[in-house]
Amino acid sequence: MSETTPTTPQTTLERVRALPKVSLHDHLDGGLRPATIVEIASANGHRLPTSDPEELRAWFRDAADSGTLVRYLETFDHTIAVMQDAESLARVATEAVLDLAADGVVYGELRYAPEQHLQGGLSLDEVVEAVEEGMRRGEQQAAAAGTPIRVGTLVTAMRHADRGLEIAELALRHRDAGVVGFDIAGAEIGFAPSDHLAAFDRLHAENFPVTIHAGEAFGLPSIADALHPCGAERIGHGVRIVEDVSVHEGHDEHGLPNATLGRLATWVRDRGIVLELCPSSNVQTGAATSVAEHPITLLKDLGFSISVNTDNRLMSGTSLSREFALLVEEAGWNLADVERATITALSGSFLPFPDRVALASAVIRPAFA
Ligand SMILES: O=c1[nH]cnc2c1ncn2[C@@H]1O[C@H](CO)[C@@H](O)[C@H]1O
Ligand SMILES: [Zn+2]
């Protein structure tokens, strides 16, 4: 950050917000506006911890600050409860697109698990149709507001449930209508990616891209399982790949940390597997101690393909700009690091290749130049 005026956290945040960014890992049901939750809950009778939007915003952040993934995930009961009819699903999707666009995101992938939105009588296909409708509306409104954004959705299956293949088929049915990829999420310990191998095999037989949450609450075996039998194109989180990296004293001739990589970490780095890292979320679930000490900075310095993400903007009280600003303020990142992570995210995205090239050359490169 080379300028004569001193940089403060606020100015860093504003500078990063003005730059075009790419978001790969953002849960639709983890990013609702508190006022929207209050409004829909009062209409559908769902009881919330508080009906004051600002108190509710704080409640989510505090409750998610729990130290374990399982307790962090309990907070989703209150967002999922207000996403059970077509109108609410479309509204939440539109607002998510507008909120990303206002934060300077120019391409985003939003994920959610359709199987969690059936309590009001919708079918799986109706859930996906409502979300896609809301996404298109969001894109149109963002363009009209002068903050153009393109979004794709990732259809997620819950790893503890037994519907992987059915959800994979659902994703395939909507692949030309906005669904760009497939994911599995939920509690990681005890629920291996290969429990859903039939889904991943089916998707790969149809040349459909997959990302898998792995290496967040469980370690290297989870990442290896996601990559090899399951063939994930990207890894959701993957932060615990650092358990296969030993750091030694000192630095090499380029000023980079001396480290030895195990076979799995070598594979992930050398194949350029894009990791969807989510610093603040990891601090809340206990996967990292702080943003300053988050392994993302070591992984960046060692040449891993890292992207920066929010995971759940509501639960972490964050935005993509804020995640980058924290890395700049607390972990020594500069704007070249922000640009590199943005280009990496774009390269790993499930957008068609010519669209990625166009976005990089017409929007991202010029803004950082
Ligand atoms: O960081 C995470 N790790 C694992 N699962 C998650 C994370 N964030 C959200 N979800 C889960 O994904 C579902 C669909 O969006 C959410 O309902 C939540 O249960
Ligand atoms: Zn996630």
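Cβ from N, Cα, C; glycine included.
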Identity of the Zn(2+)-site residue among D311, D337, D355 (reference: H25, H27, H213, source: TrEMBL): D311
Sequence-ordered recorded positions from G186, E216, H237, D311 with Cβ under 6 Å of an atom of ligand 2: D311
Those recorded positions of H25, D29, G186, H213, E216, D311 having Cα within 10 angstroms of H237 (site 'Important for catalytic activity'): H25, H213, E216, D311
Pairwise Cα distance for H213 (Zn(2+) binding site)/G186 (substrate binding site) [Å, integer]: 8
Three-class DSSP secondary structure - E216 (active site, proton donor): coil
